[in-house]
Amino acid sequence: MNPQAKLISISSLLLGTTITISSSHWMMAWTGLEINTLAILPLISNPHHPRAIEAATKYFLVQAAASTLLLFSNTTNALFTGQWDITQLTHPTSCLLLTTAISMKLGLVPFHFWFPEVLQGSSLMTSLLLTTAMKFPPITLLLMASPSLNYTLLTTMAIASAALGGWMGLNQTQIRKILAFSSISHLGWMTIIIIYNPKLTLITFYLYCMMTAATLLTLKTTKILKLSTMMTAWTKIPSLSATLMLALLSLAGLPPLTGFLPKWLIIQELTKQEMTPTATIIALLSLLGLFFYLRLAYCATITLPPNSSNYMKQWRTNKPVNTLTATLTTMTITLLPFSPMILSML
């Protein structure tokens, strides 16, 4: 991609995100979301491959439909109450439409179908943007409007997302699709707690972004796109493959890694709110995700799974590991002992 075009796209992304997260008026928030959508499209379709063009088209259609619903929700609320303020959404129909619109933007079940396909058609760096930065404006709107949301619908979608994110990831061989279903599952954990403790949702989102960024940057360094290449990639940079295994286990939420912290806090908060059955269900559903993370971790290490076909071993590379990748991976593995400091931010 032309450097000037890339600069314009990334600047527009930053501008759109800043407008959305700093606005208190629905029209400004909607404008920021539209700038974001239009700015990411050239980055998705950058390889000029039919799959990339298809991904960009799917992304545009879904985001346009979600933006229309969002605008319809706001105008309906303004019509009945005269309020355009984000925190003053009180009309029941508007609340229902807003919950649906933001769920479409984020990719919550049952509006998740576009997300794995778009990620599969994008490059690893665009996938990193889609799973982290592009989720930030809708999550912020969700936080600001959390008292107005339809909680029954949100809880149902959260549990369905945790279930389907784990279930659909079991049979995948493409790494980007696995990470897409992982994202859907994590979004379920974030949205189930948003009414009771919005700050906990934000901390979960930050930690998820950090872990996903570490994983995707490691995959980019080792040029891994599917399980079959992951099996032989340990010969390129063995140390990075070992830390990739730990980063994946952290995403799964295993102690004593960083990923255990948000799940532990969410289960604790749900129990405090006398929602023990919900906490039990969502904790059991995380075992589905744990299975495919373990499979990825198994393939990422020096142990080769039994197979009938022969794979060529890859040459070891002398390319140094990026400082950002090393820092994010270290934080992904070692942040749990700092949980009292993180909890003090709540």
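Note that Cβ sites are derived from N, Cα and C of the backbone, with glycine treated the same way.
All TrEMBL annotations are machine predictions without curation.
Copied over from TrEMBL, here are the features:
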DOMAIN    23-287  domain 'NADH:quinone oxidoreductase/Mrp antiporter transmembrane'
DOMAIN    290-343  domain 'NADH dehydrogenase subunit 2 C-terminal'
TRANSMEM  7-28  transmembrane segment
TRANSMEM  96-115  transmembrane segment
TRANSMEM  151-171  transmembrane segment
TRANSMEM  178-196  transmembrane segment
TRANSMEM  202-219  transmembrane segment
TRANSMEM  240-261  transmembrane segment
TRANSMEM  281-300  transmembrane segment
TRANSMEM  321-343  transmembrane segment
Residues from the same chain, set at least six apart from the ends of the transmembrane segment (7-28), whose C-beta lies under 8 A from its own: 34-40, 42-43, 70, 74, 77-78, 84-87, 129, 133, 136-137, 140-141
Dominant neighbour of the transmembrane segment (202-219) in 96-115, 178-196, 321-343, by Cβ pairs under 8 Å: 321-343
Contact yes or no, the transmembrane segment (151-171) and the transmembrane segment (281-300), 3+ Cβ pairs under 8 Å, gap 6+: yes
Beyond the flanks of the transmembrane segment (96-115) by at least 6 residues, Cβ under 8 Å: 33, 58-59, 61-63, 65-67, 69-70, 72-74, 76, 89, 135, 138-139, 141-142, 145, 148-150, 153-154, 157-158, 160-161, 163-165, 180, 183-184, 187-188, 191
Contacting positions for the transmembrane segment (281-300) when only residues 6+ beyond its ends and CB under 8 Å are counted: 158-159, 162-163, 165-167, 169-170, 172, 175, 178, 181-182, 185, 188-189, 192, 227, 230-231, 233-234, 241, 244-245, 248-249, 251-254, 263, 266-267, 270
